[in-house]
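*Asks:* I have a structure I would like to understand better, so I am pasting it below and will then ask my questions one at a time.
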Amino acid sequence: MISPAWSLFLIGTKIGLFFQVAPLSVVAKSCPSVCRCDAGFIYCNDRSLTSIPVGIPEDATTLYLQNNQINNVGIPSDLKNLLKVQRIYLYHNSLDEFPTNLPKYVKELHLQENNIRTITYDSLSKIPYLEELHLDDNSVSAVSIEEGAFRDSNYLRLLFLSRNHLSTIPGGLPRTIEELRLDDNRISTISSPSLHGLTSLKRLVLDGNLLNNHGLGDKVFFNLVNLTELSLVRNSLTAAPVNLPGTSLRKLYLQDNHINRVPPNAFSYLRQLYRLDMSNNNLSNLPQGIFDDLDNITQLILRNNPWYCGCKMKWVRDWLQSLPVKVNVRGLMCQAPEKVRGMAIKDLSAELFDCKDSGIVSTIQITTAIPNTAYPAQGQWPAPVTKQPDIKNPKLIKDQRTTGSPSRKTILITVKSVTPDTIHISWRLALPMTALRLSWLKLGHSPAFGSITETIVTGERSEYLVTALEPESPYRVCMVPMETSNLYLFDETPVCIETQTAPLRMYNPTTTLNREQEKEPYKNPNLPLAAIIGGAVALVSIALLALVCWYVHRNGSLFSRNCAYSKGRRRKDDYAEAGTKKDNSILEIRETSFQMLPISNEPISKEEFVIHTIFPPNGMNLYKNNLSESSSNRSYRDSGIPDSDHSHS
């Protein structure tokens, strides 16, 4: 049985322990003075910190430490005791090594924009539950990653190593990785073992490296059975890669390479692919049937390629016309031959492909235009057209009309130049149409991708005003009917016409700018008689005035004899005027005196010569230093010329 005294002792002990533990609990939940804490989120970012502050609450889950100056020494050892922290943002700091003393259960670590050079097993093994590792914009190289550094990172799903110094893909990556970003490195070769075993990889980004077809190993991507997105943008490929994983690949990006051919089996079995981008390459044609296995394709981007619309591309026209409405194809615009430059491949008729076995004869007719002097209603203002290559023998016909075959829906086009940079397009339709596609491009310059300008006009309209064109330049204008489903009619041929904008001198020949731009100076043989007479009178007047001025200047000394240059007459200009008069005397300077001697024997008038003191410029001292003990009666400037104030006359 416990005595009352012992019971009181135990109660007092418990109370004392409570008051001792309570302050520790309060301290544990306190927030560092330089940070802001909000329900597990600790905001210590953008504070110019050099170390992680102490006293972070134990219930913290996310640490925002970015945009500081924290270095490796500034990471305290007690940081690893924060067992609830799952996300740490340490990007844009001063780390030069992979940080240690991190919480064990961290899942997301942002270390981009530091100067980290090495990745070691010791640093990664202490955070085995890491799922996302961001190491973009550091100095990691292939040799600085320790072999087996990731062998305990069994939960790693995202690894970002963009903009580092990698020359190859790091080996020994965990099988759990789902997204791997290696863009903007120096990778030139990828061997099959590099990606071996990454069966969970879904997204692989290799943009901006040094990869070519020789640097890609055979079937290097074939075993990536779960890969859904592959990006090889901005590399040096000359052919589309083959042996791609066909079971899951949905997006393939190949733009900005040097691809000039596509192997016939490049896209075989890619039945899940729905987006393919091969823009900005050197493709001129495509092998027939290259897209046959693309059952789910919905976005095909082929912009900025020098497509040659010859007989080899006729199958592409047929394939485009058979596509359903949901398929969006962009960039199949002819760049050659000359007669179809700037036209969409799907708009071409069969005879325009110049197939030798084709017996189709063109039914496009060109008739003389009927001038239309009526000014058009307010039109639209399209974007400027990119310049096109020179045409050796252009046959440009102004204000002409073009019609289609009588068996087709006839369109009669009339084009008239309104101003040097504006043309008026009008048309008449034989049958009602829902909409028409109107396109125009400039001829006569080097080929440029995406050169044609297009717009859709409704069937109710009958005219269009095109502005912002170049004066005195040839243009091709085409129209083709469209249906409401946005698909071209299979039996419609584009109706085209060539015209030329008016020269500038037809509208404003008197401005200086236009005269400078004209090849020959502006001439007007019909000058008014009054203008000729006025010009002659002006020339005679100018000649007489010049003669009078010359005579006054030549005989100015005669007038000077009747004038006395005294102190009361424009004192400030005496020296300036004296410098312009003819002087017939010589100033002789002897040892301590000077004398004016006339050249001729004519007597010198006393009042005709007056000597004035010439005031020196600012900063020049003409006075003798009173402190000097020299006995000379002359003081010198820097140039050694005797000072006139101390000369004897």
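All positions are counted from 1 along the displayed chain.
Backbone N, Cα and C define each Cβ position, glycine as well.
Pulled from Swiss-Prot, these are the listed features:
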- 1-28: signal peptide (SIGNAL)
- 29-528: topological domain 'Extracellular' (TOPO_DOM)
- 30-62: domain 'LRRNT' (DOMAIN)
- 38-67: region 'Interaction with ADGRL3' (REGION)
- 58-82: repeat 'LRR 1' (REPEAT)
- 83-105: repeat 'LRR 2' (REPEAT)
- 127-152: repeat 'LRR 4' (REPEAT)
- 178-197: repeat 'LRR 6' (REPEAT)
- 198-223: repeat 'LRR 7' (REPEAT)
- 550-649: topological domain 'Cytoplasmic' (TOPO_DOM)
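For each listed feature, how buried is it and what is near it?
*Replies:* Beyond the domain 'LRRNT' (30-62), the same-chain residues lying 6 or more positions past its ends with a Cβ under 8 Å from any Cβ of the stretch are 68-71, 73-76, 78-79, 81-89, 94.
Looking only at the region 'Interaction with ADGRL3' (38-67), the predicted model's pLDDT averages out at 93.
Within the same chain, residues 40, 45, 50, 58-72, 75-77, 111-120, 122-124, 126-129, 134 sit at least 6 positions outside the repeat 'LRR 2' (83-105) and bring their C-beta atoms closer than 8 Å to a C-beta of that stretch.
Within the chain, the repeat 'LRR 4' (127-152) has long-range Cβ neighbours (under 8 A, six or more residues past its boundaries) at 91, 102-121, 158-168, 170-174, 181.
If one looks beyond the repeat 'LRR 7' (198-223) by at least 6 residues along the same chain, the residues whose Cβ comes under 8 Å of a Cβ in the stretch are 162, 173, 175-192, 229-239, 241, 243-245, 248, 253.
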*Asks:* For the domain 'LRRNT' (30-62), DSSP counts of helix, strand and coil?
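*Replies:* Taking each residue of the domain 'LRRNT' (30-62) in turn, the totals are 0 helix, 7 strand, 26 coil.
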*Asks:* Looking only at the repeat 'LRR 2' (83-105), what are its DSSP counts of helix, strand and coil residues?
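*Replies:* Going through the repeat 'LRR 2' (83-105) residue by residue, I get 0 helix, 3 strand, 20 coil.
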